[in-house]
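Asker: Here it is, the structure in full.
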Amino acid sequence: ALPITGCLLSAAFFGSLGSSFLYGYNLSVVNAPALYIKEFNNKTWIERYGEPIGAETATLLWSITVSIFAIGGVLGALSVSLIIKVLGRKGTLLVNNIFALIAALLLTLGERAKSFEMLIIGRLVIGVDSGIALSALPMYLGEISPKHIRGFIGQFNSILICLGVFTGQVLGLPELLGQESRWNYLFTFLALPAVLQMCVLPFLPESPRYLLMERRDEAGAERAFQRFLGKTDVSQELEEVHAEARAQENLHTVSVLQLLRNPAVRWQLITIIITMACYQLCGLNAIWYYTNGILREAGFPDNILPYITLSTGIIETLAAIVSGLVIERIGRRPLLIFGFSAMAVFFSLLTLCLNLQDRTTWMPYLSYVCILVVIASFCSGPGGIPFILTGELFEQSYRPAAFMIAGVVNWLSNFAVGLLFPFIQEALQSFAFLVFVVVCTLGAIYLYFVLPETKNKTFMDISQSFAKINKIPLPSPAQEMELVLSSDTNGKVEDAKIESSL
């Protein structure tokens, strides 16, 4: 196996720093200044309308500020396949930083301008940034890495999400920026990773698969492969991409409707939708939103809560790193199934502990241990692998549409959890987490029966391992030859069709 090159590592790190790191940071950053933002909303309301804000309006304003992030994410995910077509993988990541910088400005200056609208629009814009990033980045990482370390490089996405969450928790500490006079600087920080990415990414190559299959730039693809792999002879890699190109009926990027209609990728699509929905609906977000409440009920004094919450961020980051290190040995499938199963077990235990909270003094500590184990289980597999799989289960021409569907499912589920969990919690009280036990169990069962292992396989091998379930006959070598010959004429016919439809 080749050594991992500096070029590949820089692309993985700086690509993730301006993308998934910002997403993670925005998940946790609103927790610390929540009270100050609510006070700011109230003060601004009094100045404008001469009366204090009503309780319901206050709650509504706050929940919009928090949840509009996910609406932005949906908009970003919906636009990603268009942007990627025009700008490529790397170009999309670069241009996306403009959204981060605009959001940083709006969120930082919202308080000075006495406008809570600016905060809401800022959260929407940073949501768009994250929506584009969470589709473009895994696609880029999956296409630039050789197959034997594709999972390891792909886990950079998840590791930097966790680091982002942790950074948001650290900067939100009262000693740092979690104070009334400084909370807006928490949002100024958004500009830093974006600027760093803009300084480094232009010097790294574009995805060689994109260059070869969509730009038809053979020389560029060869140079990109040489830099990413650190060797001069990349004929084997180029041949693999050519073979993939030949095996595809059409080299044009497929639209979302075409993808939904195509029986040859039906089960890949179902698998991605289920995995992405479970990624959000497995209850991790609910744990983030409610850790403080659970700890407070457990009798931890308020002034040490932020420091205890930090331990969750540390555990999360460590679990993601360990997962990145073992994913090529253990494989995607076992890590996913283990992660969801362990979450189901410890959510059940957590429910038990919450119900026995008052019986003994040590019970609250046990609840807290359950929370930590749930978080570690999530990060061991479900926290990053859905993004890697979306890139692996689809060949080049389907990939942008697949990421768009996965992205929309991801963000809508995120929005649903944020919106519905408070009501579920009110209705079910300490039994609320049982909802997630069901989701995690069903997710694990589905993956056990449907998902093939994808580690160390080419994108073509992976497509073929689904052919059986999709009931698609595999082409014989003679048919493959015909496909190659007909693909040139088909391409021209397709072009003509497309032009006439425009």
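Glycine is no exception: its Cβ is also placed from the backbone N, Cα and C atoms.
Those TrEMBL annotations? Automatic predictions, nothing curated.
Sharing the record's features from TrEMBL:
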{"type": "DOMAIN", "residues": "12-455", "note": "domain 'Major facilitator superfamily (MFS) profile'"}
{"type": "TRANSMEM", "residues": "60-84", "note": "transmembrane segment"}
{"type": "TRANSMEM", "residues": "91-108", "note": "transmembrane segment"}
{"type": "TRANSMEM", "residues": "120-140", "note": "transmembrane segment"}
{"type": "TRANSMEM", "residues": "152-171", "note": "transmembrane segment"}
{"type": "TRANSMEM", "residues": "183-204", "note": "transmembrane segment"}
{"type": "TRANSMEM", "residues": "269-289", "note": "transmembrane segment"}
{"type": "TRANSMEM", "residues": "304-327", "note": "transmembrane segment"}
{"type": "TRANSMEM", "residues": "334-353", "note": "transmembrane segment"}
{"type": "TRANSMEM", "residues": "365-389", "note": "transmembrane segment"}
{"type": "TRANSMEM", "residues": "401-424", "note": "transmembrane segment"}
{"type": "TRANSMEM", "residues": "430-451", "note": "transmembrane segment"}
Asker: Before we move on, state whether the transmembrane segment (60-84) and the transmembrane segment (120-140) share at least 3 Cβ pairs under 8 Å, counting only pairs 6 or more apart in sequence.
Answerer: yes
Asker: Near the transmembrane segment (365-389), which residues from the same chain, at least 6 beyond its ends, have a CB less than 8 A from one of its CBs?
Answerer: 134, 137-138, 142, 150-151, 154-155, 157-159, 161-162, 271-272, 275-276, 278-279, 282-284, 287, 291, 294-295, 298, 308, 311-312, 315-320, 322-324, 327, 332, 335-340, 342-343, 346-347, 349-350, 353-354, 357, 406, 410, 443, 451, 454
Asker: I'm checking region-level scores; what's the whole-number mean pLDDT for the domain 'Major facilitator superfamily (MFS) profile' (12-455)?
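Answerer: Mean pLDDT across the domain 'Major facilitator superfamily (MFS) profile' (12-455) comes out at 90.
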